[in-house]
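The block underneath contains the structure these notes are about, expressed in structure tokens.
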Amino acid sequence: MLFVVAVAVVAVVVSCGEVDWGAEEEAVKLLNDYHKEAAQVLHNYIKVSWDYNTNITDYNNERQKEASSRTRRFNDKWSKRSRDFVDLDLTSDTRRMMRKAFQMELNEEDGKNLSQILSNMSTIYSTAQVCLQGQQCMELDPELTNIMANSRNYSQLVEVWEGWRKNVSRKIKPYYLQYLELMNEKAKLNDFSDAGQMWRNEYETEGFEEAMEELYREIRPLYNLVHAYVRKRLREHYQIDPRGALPACVLGDIWGRIKMCTQVTMDDLQVAHHELGHVQYFMQYAHLPLTYRDGANGGFHEAIGELVGAVMETPQHLNKVGLLPHPPSGPGHEGPLHTCDLHGSEEAGRVLA
Ligand SMILES: *[C@@H]1O[C@H](CO)[C@@H](O)[C@H](O)[C@H]1NC(C)=O
Ligand SMILES: *[C@@H]1O[C@H](CO)[C@@H](O)[C@H](O)[C@H]1NC(C)=O
Ligand SMILES: *[C@@H]1O[C@H](CO)[C@@H](O)[C@H](O)[C@H]1NC(C)=O
Ligand SMILES: *[C@@H]1O[C@H](CO)[C@@H](O)[C@H](O)[C@H]1NC(C)=O
Ligand SMILES: *[C@@H]1O[C@H](CO)[C@@H](O)[C@H](O)[C@H]1NC(C)=O
């Protein structure tokens, strides 16, 4: 009896965080070896992806698919090696790094299929055209983007919006369904119930969904006010139900996440700063081990971008770079946003134009 209790106590102590230093040393060595090879394999993959994304040709598409297969095989080899370490007692940092570095991959055939599906979806998106009645066919950037931003002709906006969905969304749908199937399969290989759970896990937050729900509830009163304000302004141009939802086609864009052909406008200046925020974050983590050269999570990366974008729009900064002729009167507001703050960026937008 005494013996059983003693064993139970030892078991509890070990599983609560005692570190097996021999295993820890081997795990750290495994990660170091992995980082050395991965630095080359991933560099090559990113380079080939860049060539493809900035110059979509069949040849670059083939190279991208080959690089993707090579990377998948590479990841597969290392995640298999790392399996021996799953149940060992490592420091929490090493365990975390291993979890981020090593994921089980789909088999060769499914992996090829997935990479082909991704490539087909991105080709459809990047090469689609919409052909308006009696006009030449137009691509997303710059023609369709310009119409969405500048036209006040409701039926033209609807035509572009629907044309885009006919030529992009409908063609992407069958690939997207297969993509879901394969991603769910990959999630299961990594002990998640589905791809959604795998993605949420990236945030490393207990009760992540409840926390998001709570944030949404908190911000909803502000969101309702902004929504009502936007609806009021849009009603100056369009017949919109004064109490209803906003039609998506009059909001100024077609929802791109794409290469950017920048124009000299306040919006694009803001986006450029947002993107530079990402670049600044890249540089801040460049010295970390390869596995940690990424945002803490995707949301945090966006938050840094948004922060830099928002700071750019303060009256103080706009005045400093010559976009706001009159210096702000005081040290700037604290607390609630004032209409004069919004006025500052409208005025700067006019200077830019
Ligand atoms: C685009 O890729 C092709 C190879 O498919 C290459 O010959 C061409 O030089 C590239 N163009 C640019 C602008 O890099
Ligand atoms: C991707 O598109 C090509 C060309 O249209 C087609 O031959 C291929 O079957 C598609 N791939 C998949 C996985 O559906
Ligand atoms: C979709 O694209 C094709 C060819 O690029 C074009 O002929 C067709 O008119 C487009 N459809 C719409 C709704 O614009
Ligand atoms: C608005 O767009 C529609 C459809 O593209 C077109 O037929 C009509 O002439 C346009 N109206 C004006 C006032 O430009
Ligand atoms: C993989 O690709 C083939 C066509 O190339 C297709 O028939 C099959 O359904 C695809 N999808 C999945 C999820 O395996």
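Note: Cβ is positioned from N, Cα and C throughout, glycine not excepted.
Record note: among 75-105, 323-353, 323-353 is the stretch given as region 'Disordered' by TrEMBL.
TrEMBL records a disulfide bond between C137 and C131, which is the match among C131, C249. Cβ contacts within 10 Å of C131 (disulfide bond), excluding its own Cβ and spanning all protein chains shown: 12.
With every protein chain in view, the residue among the glycosylation sites N55, N120 whose Cβ has the most Cβ partners within 10 Å turns out to be N120. By the rule that a residue counts when its Cβ sits under 6 Å from some atom of ligand 2, the recorded positions N55, N120, C131, Y203 yield N120. Ranking the recorded positions N55, C131, Y203 by Cα distance from N120 (N-linked glycosylation site) puts N55 first. Not one of the recorded positions N55, N120, Y203 places a Cβ under 6 Å from an atom of ligand 3. Considering only the recorded positions N55, C131, C137, the residue whose Cα is spatially closest to the Cα of Y203 (chloride binding site) is N55.
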